[in-house]
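**Student:** Please find one structure pasted underneath; my questions will follow.
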């Protein structure tokens, strides 16, 4: 896949980036021919491309995509421009746009190997394994000696076979993983190794394990030092959180009383050392302070187990001050590809992964944060609750594929034991109405959709996560849609800040940004499906 004019696939150190996402795909250019493009335009395109390549190497992927777009406008028949922009969009996780760009590069040059590689990457990222396999096979006809692609083809075929096998045998088990773990414990099959010398989970007078703040703090330090706790403790923590999740509705109501605050945290994605820094800024949950993690705690980062165990320990310890919404990565399909399944099985075994997979289905889908005091300052133009208070709908992806969905509709969703599909994910867009998603799955929703939904439900604004924001957060749709992302320097290469949002009893928001922290020398995606880590980053 060599080409001297393509941007390098090994960029150097990260640089600053702009908060905006790249522009939609350029229109098809079937009526143009090479004679329509002047030598001057080609030269200007080449200059813009060189600038874009520099921006890409500096990890400023938004700027790179913008410059490639300008170059395409000058010389739209150069396939390398489309292919390079596809790569920039892959780095921005805009796989729908990347797919379109790579396809255009292939249309312009049907033998362009790297374009097939980029398109296969987009297909793989959006779980379209058969299409990815077809592009890998085409690529190997062009480059039969490319052993990396051969390995990635083999890994993708293995994933597809596993998916199809699991679908073929998918039946409801007689016992849930929760019941099975209780059985194994009762049979004495999950005891703490006598050689273990780490933090001790205390027992109550009845002999059952209980959680304490001291244990959680000691466990966090133990994890930070690169050590592991017994499998039994992991089970107890998951089961402790389970006892609270099953009592919560699919839409959780949280009232912020006078003197109380809540911090809304976006994607963490297994970046444990950044998560610990984040907790040092938010503080632990306590009587006057709650945390809400808005999904995607796991996958990609290589300490996903430590992140989720810590979060679930706080849920067990402070059930009314630690809230966790489910994200799209709290699902079997994503965990199979992006590392959490491999990590959980490697660290704690098959049954532990099954227990995690079940607890993910118990996590609520959304949280309604309601102020209890009147808003501070002018209220003109604000959408308030029937009581005249601010309230925020917090959900991982965004709004819905149709109008008319109410808060009660969300409360009544039967979620436990259900694996989510990819169709329900929603993303903000600048254009009105609903449209295709730049991510390649789900649907994008415009400011009119947001305003209509907020007015119908008496919601002051929507807080969602799910997408990288270079500043850690962004405010869109006239202030009605806020994105918060809490994994700084995402997968060790995005160069973005992390952020969280603090909300008080009057509904006032305060934004805090933070930078990435050093971590041990383990790369992201260390437990991803064999041979695919480089494609999935």
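Even glycines carry a Cβ here, placed using N, Cα and C.
TrEMBL: automatically predicted annotations, no manual curation.
According to TrEMBL:
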{"type": "ACT_SITE", "residues": "329", "note": "active site, proton donor/acceptor"}
{"type": "COMPBIAS", "residues": "1-19", "note": "compositional bias 'Low complexity'"}
{"type": "DOMAIN", "residues": "325-330", "note": "domain 'Serine/threonine specific protein phosphatases'"}
{"type": "REGION", "residues": "1-30", "note": "region 'Disordered'"}
{"type": "REPEAT", "residues": "113-146", "note": "repeat 'TPR'"}
**Student:** With a Cβ cut-off under 8 Å, give me the same-chain residues at least six positions beyond the ends of the domain 'Serine/threonine specific protein phosphatases' (325-330) that come close to it.
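**Tutor:** Cβ under 8 Å, 6 or more out: 267, 269, 292-300, 338, 340, 360-361, 363-367, 394-397, 415, 420, 422, 425, 465-466.
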**Student:** DSSP-wise, what's the residue breakdown of the repeat 'TPR' (113-146) into helix, strand and coil?
**Tutor:** 27 helix, 0 strand, 7 coil
**Student:** What are the sequence-distant neighbours of residue 329 (active site, proton donor/acceptor), meaning same chain, six or more residues apart, C-beta distance under 8 angstroms?
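**Tutor:** Expected: 267, 269, 295, 296, 297, 298, 299, 300, 335, 338, 340.
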